[in-house]
Every structure is written in C-alpha cells, then in structure tokens.
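Everything on this sheet refers to the single structure shown next.
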Amino acid sequence: MKQSLISSLERTICDRARSRSLGPDDALRLFDELLRQPRPRPGSAVAFNHLLAAVARGSCDGAVRSISLFGRMARAGAAVPDAGTYSNLIASCCRADRVDLAFSPLATALKAGLRLTTNPFAPLLRSLCRERRVAEAVDIACRMMPELGCAPNAFSHSAILNGLCDDGRSLEALELLRTMARNGDETSVVSYTIVIDGLFKEAKVEEAVKLFDEMRNQGVSPNAVTYLLIIDKLCKVGAVDKAMGVLRRMVDEGVTPNCAVYSSLINGYVTSGQWKRALMMFKEMNGKGIKPHVITYNSLIGALCKYRKSSEARKVFDYMLKSGEKPDVFSYGMLLRGYASDGSLADAQNIFEMMLRDGIAPNEYVFGSLLFAYAVHGSADEAMLVLSDMRKQGFSLNVVHYGTVMNALCKAGRMEDAMSQYNQMIHEGVRPNCIAYAFLVQGFCTCGSWKKAKDLIFDMIRRGVHPEAEHFTLVIRNLCSEGRVEEARNLFDLLSSDQSDAAAVDAAVVQYTVFRLQKLFPISTICLTWFQHSMKRLARVTDATMHASRARVMLPLLSMCAVALLLSPASADPASLDPAGGGGDGWPAADSPAEAPTGVAATLELADDEAAPDRTAVPPGRHTFRPRHHSSSALSPEQRRGLEHEARCGPRVPVRQGAFPWPGWKPRCRGGGGDAGAPKAAHRLQPLYDAP
C-alpha cells in the first residue's frame with residue numbers, strides 16, 4: 001500500500017511538472033512530503049529533479065533555496081542523484097551568480113561516472129562569458145566537451161559567440177563561426193545574429209553586411225529579428241539606402257516587416273535630415289495596416305519640429321490621438337519645443353495645458369521647452385515664473401535654464417533682474433558658462449554700462465571660464481549691427497588681455513574690422529571674398545617680432561583697409577567723415593554712421609616712424625591715423641599713383657597702437673621701396689598677394 005502511495009506521489013509531481021502547473025510553493029510542500037519517505041527508490045531522483053527545478057525558477061532567491069534542498073536530499077539519502085540532478089544544481093549555481101560553485105557538482109558527476117549531455121554545460125558557458133572569462137568557456141567548449149563525448153550544440157556555440165562579442169572580440173567570433181560552418185557543426189540563425197550584432201557594435205559594417213549575405217549560402221534563412229537588427233544598425237550608421245534594400249529583400253523572402261522595422265527606417269531618415277522620406281515611410285506604414293508605436297510618432301514629430309515644420313508635426317500628433325495611441329511626455333515636449341522655436345507662444349501654451357489635462361506630469365525637458373518659448377517671445381516675467389515652478393517641484397536647474405531667462409531679461413533691458421538670476425545661479429552652485437556670460441556682457445554693452453561688462457569679463461576669467469570665439473564674436477556682431485562699434489572695439493580690447501584664448505581675440509578683431517569697414521564704406525562682396533582669401537594666405541606668415549596669431553590678424557587688417565578704399569564706391573558727404581565731427585578717436589560717431597563721400601578718395605594720414613608716439617603711452621582705443629579726403633579733380637597723377645601704391649603694398653607704419661599688443665611691423669614695398677608719391681621707373685605696381 002505504501003509503495004503504491006509513493007508511486008502516486010511521484011506521478012503527480014511529474015504530471016504537474018509537464019503541465020507547467022508546479023509552482024515553487026507547491027514544490028516546497030511536495031519536497032517535504034517526498035523527503036519523509038522511508039527509503040530511496042531509483043525513480044525518486046526524477047521527481048526530486050522536477051521539484052528542484054521548480055524551486056530554482058521561483059523567486060530571486062530560488063536558486064539558493066534549490067541548492068539548500070539538494071543538501072537536505074543528499075544528507076537524508078532520499079534519492080541517488082543522477083545526471084539531471086547535477087544539471088539542475090549547476091544551473092542553480094549559475095543563476096545565483098556562483099559560477100565557481102558550479103564546478104563542484106560537475107566534478108562530482110564526472111567522478112561518479114555519469115554520462116553528461118550538453119544541458120549542464122550551456123548555463124556554465126553563459127555564466128563564464130558573462131563574467132568575462134571567455135578563455136575558460138572556450139576551453140570547456142572546444143576541449144573538455146569533445147573529450148567527454150558531448151559535442152557542443154548550437155546553444156553552447158551561441159554562448160561562446162555572445163561572450164566573444166561582448167568582450168569586443170567580434171572578429172574572433174566571426175572566425176569561430178566560419179570554422180563551425182566549415183566543420184559541419186550545428187549553427188543557427190541565432191549564432192549569425194549574435195555575430196552580426198557584435199560586428200556592428202565595433203563599427204565593422206562591411207564585415208557585418210558580408211556575413212549577412214553568407215547566411216543564405218550556408219542554408220540559414222534570416223528571421224524577423226535578424227532583419228530588424230541589420231536594418232536598425234544600417235540606419236544608425238547613416239546607410240538608409242542599404243537598409244531599404246534589406247527591407248525589399250525581407251519582403252521578397254516572405255518575412256513581414258513589423259512596426260519596429262518601419263520605426264528604424266523612419267528614425268534613419270530623420271537622423272540623415274530626410275524628413276520628407278520619413279513622412280513617406282510613415283504613410284506607407286499606415287497604408288499596410290501596421291499601427292505605429294508612440295516611439296515612431298515621436299521620431300517623426302521631433303524631425304518635423306527640428307526643421308521648423310510645426311504645423312505638419314501637429315497633424316501627426318492629431319493623427320496619433322485619433323488612432324488611439326496615447327502621447328507620452330516626450331511627444332508633448334517635442335511639439336512644445338517646435339512651437340517655441342517658431343515663436344508660436346499661444347500654441348505652446350495650448351499643448352502644455354493639454355498635457356496637464358491628460359494627467360501627464362511635465363518633466364525637465366517640457367519645462368525647459370516652455371521656458372524657451374517664453375524667452376523667445378520676450379515674456380521674461382513668465383519665464384521667471386516657470387523657473388520658480390521648476391525650483392518648487394524639485395527639478396535640478398542647470399546653466400541652460402538660467403541662461404535662457406537671463407537672455408530674455410537682457411534683451412528687455414532688465415539688467416538688475418538678470419544679475420539677480422546670475423547671483424541666484426552662483427548661490428545654488430551652478431557654474432556659469434561662456435554663453436551665460438556672453439548674454440550678460442552684451443546686455444550691459446547695449447545699456448551702456450561698460451564698467452559692469454568689464455567686471456563680468458574679469459569675473460569670467462577669474463572663474464576659469466575662457467572666452468570662446470563663437471559666442472563673443474556673436475556679441476561683437478550684434479553690437480556692431482546695433483551701431484555700437486566703439487563698445488565692440490572696447491570689448492575685444494578687453495578680451496585681448498586674456499592670452500589664454502588667442503583664437504577668440506583673433507575672431508573678435510576680424511569681426512570688428514569687417515563691421516567697422518562696413519560702417520564706413522559700402523564694401524562689395526568681391527572685397528570680402530578677397531579678405532577671406534587673404535586670411536588663408538596670411539595664416540602662414542610668421543615674423544620674429546610678432547606672435548603668429550597676431551600676424552594672422554594684423555596683416556589682413558592693414559590690407560583690408562587699403563582694399564576697401566579702392567573697391568568701395570564713394571557716396572556720402574565728405575564732411576560726414578571729418579575727424580572733427582566724429583568720435584573722440586577721429587572716426588564717425590557710433591550712433592550716426594557715415595558712408596564714404598561721393599567722388600572722393602580717402603587715404604591714410606601716416607606719420608613717419610620717428611614721429612610715432614611711444615606705444616606704451618598711447619591710451620586704449622586711440623588710432624595713429626586719420627582719414628583725409630581729396631577731391632578727385634584735385635588729385636595729381638603723382639598723388640593718384642601714390643594712393644594706388646599705398647593700397648596695393650600696404651601702409652608703411654603701424655595702423656593701430658594702444659592696449660592691444662599690436663606688433664611693431666613695417667611692411668616693405670614689393671617693388672623695391674621708394675617714396676609712394678614718386679614711383680621709380682623700375683618699380684611696377686603689383687598685387688600684395690598672388691592670385692589663388
């Protein structure tokens with residue numbers, strides 16, 4: 001009777017295990033009941049194996065509990081462990097991340113003379129590869145397993161290939177895969193997919209595509225996962241056309257593309273800037289009855305907003321709502337950012353309110369987009385309210401958030417509020433960057449508070465933030481376009497005192513020169529093009545008495561002044577350029593820029609070298625030359641030739657002296673010297689630079 005009960009209990013355990021209805025709690029209860037049996041039976045090991053496997057698949061500590069149950073079974077002598085028992089024990093050790101303990105049951109099984117299959121080796125190989133012990137895994141698969149008479153199968157090979165690829169050894173994995181194919185070992189589509197993925201991760205695109213083509217020659221057909229992988233990777237490296245070819249091959253072989261495939265293609269077109277093709281792919285996707293995912297919608301909305309197509313992005317957004325797909329916070333955030341970039345503040349507010357009605361909490365990106373929308377619209381007060389709300393909700397404010405608000409305040413002329421935000425940023429431990437300082441410096445320069453702008457620049461340098469050419473050149477450009485040429489000149493004079501970033505100073509000088517000359521003369525496009533070509537040639541000029549970066553700036557400055565005088569048509573009244581009626585330095589006042597006089601040629605009043613004042617004694621912003629004008633009818637032939645010579649060969653003394661470290665440079669006439677007003681017979685006028 002008892003023997004019948006034992007057999008019935010074992011059959012119940014086996015039946016429930018096969019039907020997958022054996023849970024970990026039931027397995028623990030049945031284990032205790034089976035353990036109370038008086039003696040072991042040969043068939044009891046099978047029932048214990050099912051129970052151990054069920055417990056190991058349970059909670060996070062199931063593997064540890066399974067090992068503990070095996071210890072109880074061994075101490076009680078309830079059953080004789082077989083190969084399946086040791087396989088479960090090895091798998092449990094690997095699940096518990098105790099791969100070192102897994103070698104003990106493996107050695108016990110081999111010592112007992114049990115014939116092992118490939119089942120216990122697969123989890124062992126995966127665990128070794130996961131711990132970057134690929135060499136040990138390769139040794140087990142290529143040496144130990146064949147010696148034990150169990151050849152590695154596709155799962156074992158896949159574990160080795162995956163370990164090699166994760167270790168950055170995709171080429172070794174590729175060689176192993178090809179060796180397996182030559183030896184007739186079992187390979188699967190999973191093995192090829194693993195190696196293709198590893199090659200793409202190491203940017204070996206050609207090898208990955210070649211291996212993808214080799215699959216068919218080996219009789220392995222790619223599945224949907226393989227096609228998705230290669231299409232997605234090709235799109236990410238910018239090879240969208242090749243990805244489209246793979247899509248056509250996928251359809252020809254009868255594999256139906258899903259939403260993920262189309263999403264990858266749409267994202268590829270978006271990344272490469274082909275938003276129209278992305279929109280066409282989206283329409284094709286809907287035409288085939290494939291429902292887009294929210295990620296697909298977000299990719300398309302983000303691309304359209306990036307290229308200032310907010311109206312088209314809103315249509316996609318509305319279509320997403322009609323199709324029943326619920327937008328997420330990124331959908332609202334990208335559309336809000338698009339409206340902000342287009343200056344559509346009302347639409348941006350509408351989207352923000354719609355998001356709140358849908359119960360979606362805004363994140364940092366959404367608040368940043370709303371902040372940008374108010375700043376672009378000039379609503380500085382609303383921008384400060386948004387910044388305050390972000391602070392109350394516990395968001396970590398960064399320099400971009402503060403810089404956006406400060407830019408809006410500076411444009412509105414509210415420099416006290418801008419400095420208040422700056423001080424708050426410093427108080428919260430946020431380090432200002434060059435862009436934030438550029439906003440404040442431009443604001444103070446526009447308001448005429450030059451001393452505060454200078455203090456800010458010194459504070460910037462003291463904090464280790466060096467001026468960058470890109471941002472402060474933009475400040476100088478804006479100041480010059482507003483007619484504040486003197487403020488622009490003072491700005492790059494101050495920047496020149498920081499020798500840590502000569503590129504910023506050089507860019508500032510060039511930008512200032514261009515706008516200065518444009519204020520004085522209607523410079524033609526030919527002149528500006530010639531100026532750029534001169535910059536390239538003069539970048540190679542070096543002199544023993546000047547710094548190379550200063551040479552790149554000074555020589556084009558001198559040359560462009562002369563060329564501008566020749567190429568620019570004169571159209572203004574001569575009195576407008578009279579030094580007496582201009583600024584303190586002899587140039588026209590910044591608030592009333594003058595044009596070149598009609599029918600008048602301007603030359604440079606140059607002092608002799610001996611009469612030049614001491615450079616250290618000249619105050620900043622002062623020039624050593626003044627424009628003078630002559631009636632074209634009053635010019636003698638000698639004076640006209642002298643003017644042409646001066647324009648072609650450059651001035652004979654430094655054009656500028658002052659705080660900026662201008663070099664003591666004296667250009668020489670390329671025609672042999674001599675007085676500009678009395679050309680020699682052997683002297684021929686020629687361009688200062690060779691033609692490109």
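Every residue, even glycine, has its Cβ placed from backbone N, Cα and C.
These features come from TrEMBL:
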COMPBIAS  638-649  compositional bias 'Basic and acidic residues'
REGION    577-597  region 'Disordered'
REGION    609-692  region 'Disordered'
REPEAT    82-116  repeat 'PPR'
REPEAT    117-152  repeat 'PPR'
REPEAT    153-187  repeat 'PPR'
REPEAT    188-222  repeat 'PPR'
REPEAT    223-257  repeat 'PPR'
REPEAT    258-292  repeat 'PPR'
REPEAT    293-327  repeat 'PPR'
REPEAT    328-362  repeat 'PPR'
REPEAT    363-397  repeat 'PPR'
REPEAT    398-432  repeat 'PPR'
REPEAT    433-467  repeat 'PPR'
Legend entry - Chain residues outside the repeat 'PPR' (82-116) and at least six past its termini with a C-beta under 8 angstroms from it: 45-46, 48-49, 52-53, 56, 62-64, 66-67, 70, 123-124, 126-128, 131, 133, 148-150
Legend entry - Composition by DSSP (helix, strand, coil) of residues within the repeat 'PPR' (82-116): 26 helix, 0 strand, 9 coil
Inset, instruction - Report the mean pLDDT of the predicted model across the repeat 'PPR' (223-257), rounded to a whole number. - result: 91
Legend entry - Residue distribution over DSSP helix, strand and coil in the repeat 'PPR' (328-362): 27 helix, 0 strand, 8 coil
